[in-house]
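Right, one structure below, let's go through it.
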């Protein structure tokens, strides 16, 4: 990362050409640049139409400029914005003009957000929420990211940390006055009450995290079954485009095919697996092995078949739904959708899940004609809503959050051990405070910062 005393700039809007493009500038020379290229500084936070000229006074564009004096800006530094016409040549001319000034350079990925973090405009959990919002593909992911960006976890962690500091101060005061009667005991008692309540609150948050971390990556649905029963046709139907090769020859699919979908506002990854059967072909055997492995890891398995749906289903820890395909070949029998079909006993590893859709749901469809697909998709959406029910409102959205909160809870628990010396109680509380400080990005997180901010786009 370049020194933060340099002034940076970058395109902050989307791909060119476009109707409008916005170039953001942040740093100590932002005001100088704006004055040099437009003739004067506009009033703070006021859009002004300007003629933008380079250092030779050649006209670059007729645009709009805004000025935000630090620290009352997005980054906490002086910030200028150039709103120009979104042509590539216009942007190139403005970039050349900005680059001609000393101490001014293009920004690196995430550098604007990192400067905002370093200047106290947002904590690390809020920066992660911004990253999640930028990468959100579904409505549920967007809602979760907005809550994180709004300080859902950060505000709580700051309050917890303040309580730990207050309790530590009481305990250390008791240590200082240990030789004066029962002062230490009088100070220790309320501190331990605070610690116990705080531990219970963090433990409750950890217990309620549900599947919030999975909401960022999505639920996995595996389509499995024997060869040539229409698995590839089904995934093409669900994706509404051709993602898998469809052939009347059995064994066409040899590897796992994945497609990311938005079903009911939830992120769902659907995988098409090789047909599961006995084979002497080593390539097909590997495909079957991978199919069984992915089905075993899935959150929901659609076991596709035709006819009477006899035979073995895959062993999985998730629900397995029987989906009878090709009902269009049975002379129009049935309208498709959920049916009360007898389901063959599944492998011992299968389990029934709570909620409306368990491990014994069954459907009739025609993947080719689309018959019954509406009911199947609606059922998957309902399953996803139940699957992610607790994840949208949970505080924790990343493994990093969970790990640090677990560390803090463990240290608080140790500090509550009976007859633990006050000095050791204070040390455990100090370590718990450090864990929460790392959660907020205030303590020893340089490596984490580099990884997080590198995921942002250049203009963010």
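Placed from the backbone N, Cα and C atoms, the Cβ positions cover glycine too.
Record features, source Swiss-Prot:
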type	residues	note
BINDING	24, 81, 121, 460	(6S)-5-formyl-5,6,7,8-tetrahydrofolate binding site
DOMAIN	218-385	domain 'TrmE-type G'
BINDING	228-233, 247-253, 272-275	GTP binding site
BINDING	232, 253	Mg(2+) binding site
Between 228, 232, which of the binding-site residues has its C-beta surrounded by the fewest other C-beta atoms within 10 Å?
228
Give me the count of other Cβ atoms within 10 A of the Cβ belonging to residue 231 (GTP binding site).
32
By the DSSP assignment reduced to helix, strand and coil, which category contains residue 231 (GTP binding site)?
helix
Test of understanding: give the count of other CB atoms lying within 10 angstroms of the CB of residue 81 ((6S)-5-formyl-5,6,7,8-tetrahydrofolate binding site).
20
